[in-house]
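Taken verbatim from Swiss-Prot:
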- 1-28: topological domain 'Extracellular' (TOPO_DOM)
- N3: N-linked glycosylation site (CARBOHYD)
- N10: N-linked glycosylation site (CARBOHYD)
- 29-51: transmembrane segment (TRANSMEM)
- 52-61: topological domain 'Cytoplasmic' (TOPO_DOM)
- 62-83: transmembrane segment (TRANSMEM)
- 84-99: topological domain 'Extracellular' (TOPO_DOM)
- C98-C179: disulfide bond (DISULFID)
- 100-121: transmembrane segment (TRANSMEM)
- 122-144: topological domain 'Cytoplasmic' (TOPO_DOM)
- 145-168: transmembrane segment (TRANSMEM)
- 169-193: topological domain 'Extracellular' (TOPO_DOM)
- 194-215: transmembrane segment (TRANSMEM)
- 216-266: topological domain 'Cytoplasmic' (TOPO_DOM)
- 267-288: transmembrane segment (TRANSMEM)
- 289-296: topological domain 'Extracellular' (TOPO_DOM)
- 297-319: transmembrane segment (TRANSMEM)
- 320-398: topological domain 'Cytoplasmic' (TOPO_DOM)
Amino acid sequence: MENETGSELNQTQLQPRAVVALEYQVVTILLVLIICGLGIVGNIMVVLVVMRTKHMRTPTNCYLVSLAVADLMVLVAAGLPNITDSIYGSWVYGYVGCLCITYLQYLGINASSCSITAFTIERYIAICHPIKAQFLCTFSRAKKIIIFVWAFTSIYCMLWFFLLDLNISTYKDAIVVSCGYKISRNYYSPIYLMDFGVFYVVPMILATVLYGFIARILFLNPIPSDPKENSNMWKNDSTHQNKNLNSKTSNRYFNSTVSSRKQVTKMLAVVVILFALLWMPYRTLVVVNSFLSSPFQENWFLLFCRICIYLNSAINPVIYNLMSQKFRAAFRKLCNCKQKPVEKPANYSVALSYSVIKESDRFSTELDDVTVTDTYLSATKVSFDDTCLASEITFNQS
């Protein structure tokens with residue numbers, strides 16, 4: 001990603017080529033192999049978990065799959081070529097590889113930023129505008145938004161096809177080929193600055209504002225309920241005999257909904273914060289170098305910037321596993337490590353099904369499965385207010 005300037009290359013150097021320290025090569029190869037290897041496995045697991053587990057197919061998880069694919073692209077296109085560059089000290093993938101690999105690098109980077117922005121907006125609508133969420137926070141709409149995100153970033157990143165070329169430096173003892181720019185820094189620096197603004201500054205400002213609104217609703221005020229459900233509770237006279245039971249159960253699952261939404265929001269906020277922190281060194285370096293006559297390219301600092309980028313793309317599956325019970329259980333099931341549940345008498349599982357006004361669309365929240373005891377089983381169906389839509393809980397004996 002630290003492409004060199006064409007004006008600085010394609011020239012003959014009389015002095016011998018600078019030798020990269022052996023410890024730098026070893027550290028680079030080991031760190032990149034470990035981080036990228038674990039990140040590739042983790043992100044593939046995220047995609048498989050959501051695709052193979054029906055209850056995991058929620059709008060939020062749909063955006064997380066898009067983020068996982070983008071992170072995979074960054075790890076493969078940016079991380080692995082760094083290993084060959086450390087080993088050979090020269091670009092070995094040719095002209096086509098220069099174009100395609102650089103294109104995939106920026107496509108993954110920009111798509112990950114857009115995916116984070118998309119799920120931030122989705123969380124804001126779902127929590128702060130629950131009525132609108134019935135129509136906006138749906139799985140099919142999430143898929144359409146993701147298609148638009150990838151189409152937009154794919155077209156935008158085609159710009160790099162016209163800026164790149166192979167640059168050759170002839171030294172006294174070697175010929176070094178690098179994937180760099182065919183134009184001077186005066187022309188590509190504005191592109192870097194535009195990239196910095198559109199895919200870093202704007203998403204982070206937007207995320208800060210929206211998560212502020214979300215925190216105010218979740219942690220300072222009760223979650224607003226659906227007015228339709230409130231009116232229906234007064235209209236249904238036949239349910240008055242179970243009013244006390246329904247009230248207790250509704251409160252129980254309302255609290256579960258609030259707790260679950262807080263946990264999911266915390267998890268997504270951690271993803272956004274780490275994205276901002278881990279991308280800051282590289283983004284800052286690019287901006288600073290855009291104003292320097294001679295760019296700062298100290299090897300160890302460049303390695304630090306690259307490792308931060310790879311960590312950002314590799315760490316998200318770890319966050320999901322640590323902060324989401326549903327992801328943790330799904331990961332265990334995918335790895336065939338799930339232990340047999342211990343049978344407990346008089347415990348029942350709760351199957352949550354949510355109906356939306358559009359029957360062809362299914363919308364599900366991130367509420368984790370919970371268990372209830374016989375105290376709450378006298379009523380077959382219990383209604384409670386979900387923050388996004390009307391909901392119904394059906395109890396099935398496990």
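From the backbone N, Cα and C atoms, a Cβ is placed for every residue, glycine too.
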Number of other Cβ atoms within 10 Å of the Cβ of C179 (disulfide bond) across all protein chains: 21
Number of helical, extended and coil residues in the topological domain 'Extracellular' (84-99), per DSSP: 11 helix, 0 strand, 5 coil
Mapped DSSP class for C179 (disulfide bond), helix or strand or coil: strand
Cβ atoms near C98 (disulfide bond) (within 10 Å, other residues, all chains): 22
DSSP helix/strand/coil residue counts for the topological domain 'Cytoplasmic' (122-144): 20 helix, 0 strand, 3 coil
Sequence-remote partners of the topological domain 'Extracellular' (289-296) [C-beta within less than 8 Å, at least six residues beyond its ends]: 5, 185, 189, 192-193
Overall pLDDT for the topological domain 'Extracellular' (84-99), taken as the rounded mean: 91
